[in-house]
Amino acid sequence: MVAVAILAAGKGTRMKSSLPKVLHPLGSRSLVERVLNVSESLHPQRKLVIIGYQGQQVRNTLQHLDDIEFVEQKEQLGTGHAIQQLIPHLEDFQGDLLVLNGDVPLLRPETLQNLLQIHQDHGNAATLLTANLPNPKGYGRVFCDGNNLVKQIVEERDCTDAQRQNHRINGGIYCFNWSKLAAILPNLTPNNDQGEYYLTDVVNFLDPVMAVDVEDFLEITGINDRKQLAAAYDILQTRVKDDWMAAGVTIIDPDSVTIEDTVTLSADVIIEPQTHLRGETIIASGCRIGPGSLIENSRIGSDVTVLFSVISDSQVDSGCRIGPYAHLRGEAKIGANCRVGNFVEIKKSSIGNKTNIAHLSYLGDATLGEKVNVGAGTITANYDGVKKHQTMIGSGTKTGANSVLVAPLKLGKNVTVAAGSTITKNVPDNALVIARESQRVIENWADQFQ
């Protein structure tokens, strides 16, 4: 059996924020959610989050996740003290405990799987993740024998000049035999200048303790301030974009593009510069997205072109051309082979196949049939100051330029709306509707002002 404990009690004063450090977002997820997510690769039987500073806020953020147990650390007296709080919660647990930090979000599943496998294969009392850094300044050093068995962990401030030449550092990720750890946890003492209980001190009481080097030391990058948060985002983005390019996606100018790791892309998608893909977005093969576009929590069908546009919480079917400067939001559904042109906004509306909305229109709370042509400047006046109302437009209908459709309203099939009309009443199939003042010409009008 495997239990996972995540240290999430700290305040994170260097973040200069009222938000607990572990709740700061890295892309689409908070730091601690990323740690929980990667730990799922081990299929743990128990998942414990140790909380302290603004613990209720951490609880509220994670309440949508299944089977999370919260352990309160009322005083933050170090990592060893945090793990001591687990004793009553794991009283009957028999198995291994993986200890992770809630502010180390870049670990890969393979790294944790390898750590656990080595720990179990060797029957270790403890196994810790280490790294060889080119510049280990600021980190405690790990000293091992030729079999990678840990003999000593020394904090940098306590290192001699000779010890500082060792570049192997402690990554702060541990796997313990819980029964052996629980037996010695009460023996920890705050024997240091900070008055804290260090988890690293258990090395003096457990045997054997083995070190496992991580292949990419960037995986154990911790987040302590906003600069490190930004650096972690860059690392995450590089991973995501490299993976998609290896899978057949073209990304033009990757440095100007962001793709969250919750996005799903197909082969032969082309991502133009200054494009940002977020949330649970899915983009099918043959699409060309950008430049200058933002798509969030949306599903894009095959062979769609999106130029300089914003799409959120919406669906675009295959063969459409969106933009430039279009805005689709609030569950907009665009049928196949539609054109949504410049300065068009569509909100909570369903658009039938082969419909054209070429420019300068607003459609809200509307349902359009197939092969509708929406003239320039057409808007649905869907809000009466209290409620939103529906507009229905039948297939084959054409609206003239500068038309206003005042909801609730139903236009039949093959209706023609004359330019400049304000329509307030339902219109039957195959009708021409004109609702505007008759033109008057007053000759010689200017003469009176001369």
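Glycine is no exception: its Cβ is also placed from the backbone N, Cα and C atoms.
Noted in Swiss-Prot for the protein shown:
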| type | residues | note |
| --- | --- | --- |
| ACT_SITE | HIS359 | active site, proton acceptor |
| BINDING | 7-10, LYS21, GLN73, 78-79, GLY140, GLU155, ASN170, ASN224, ARG329, LYS347, TYR362, ASN373 | UDP-N-acetyl-alpha-D-glucosamine binding site |
| BINDING | ASP103, ASN224 | Mg(2+) binding site |
| BINDING | ALA376, ASN382, TYR383, ALA419, ARG436 | acetyl-CoA binding site |
| REGION | 1-226 | region 'Pyrophosphorylase' |
| REGION | 227-247 | region 'Linker' |
| REGION | 248-450 | region 'N-acetyltransferase' |
Pick out which of the binding-site residues TYR362, TYR383 has the most other Cβ atoms within 10 Å of its own Cβ.
TYR362
Taking Cα atoms as reference points, rank the binding-site residues LEU7, GLY140, ASN170 by distance from ASN224 (Mg(2+) binding site) and give the first.
LEU7
Within 10 Å of the Cβ of ASN382 (acetyl-CoA binding site), how many other Cβ atoms can be counted across all chains shown?
23
On a C-alpha basis, identify the one among LEU7, LYS21, GLY78, ASN170, HIS359 that is nearest to ALA376 (acetyl-CoA binding site); the candidates are the recorded positions.
HIS359
Using C-alpha positions only, work out which of the recorded positions ASP103, HIS359, TYR383 is nearest to LYS21 (UDP-N-acetyl-alpha-D-glucosamine binding site).
ASP103
List, in sequence order, the same-chain residues at least six positions removed whose CB sits under 8 Å from that of ASP103 (Mg(2+) binding site)?
GLY10, GLY12, LYS21, VAL22, LEU31, VAL32, GLY222, ILE223, ASN224
If one measures from the C-alpha of ASN170 (UDP-N-acetyl-alpha-D-glucosamine binding site) to the C-alpha of HIS359 (active site, proton acceptor), what distance in angstrom results, rounded to a whole number?
59
Taking Cα atoms as reference points, rank the binding-site residues ASN382, TYR383, ALA419, ARG436 by distance from TYR362 (UDP-N-acetyl-alpha-D-glucosamine binding site) and give the first.
ASN382
What are the helix, strand and coil residue counts for the region 'Linker' (227-247) according to DSSP?
20 helix, 0 strand, 1 coil
Sparsest-packed of the listed binding-site residues (GLY78, GLY140) - C-beta count within 10 angstroms:
GLY140
Can you tell me the CA-to-CA distance separating ALA419 (acetyl-CoA binding site) and the residue listed as 'active site, proton acceptor', as a whole number of Å?
15
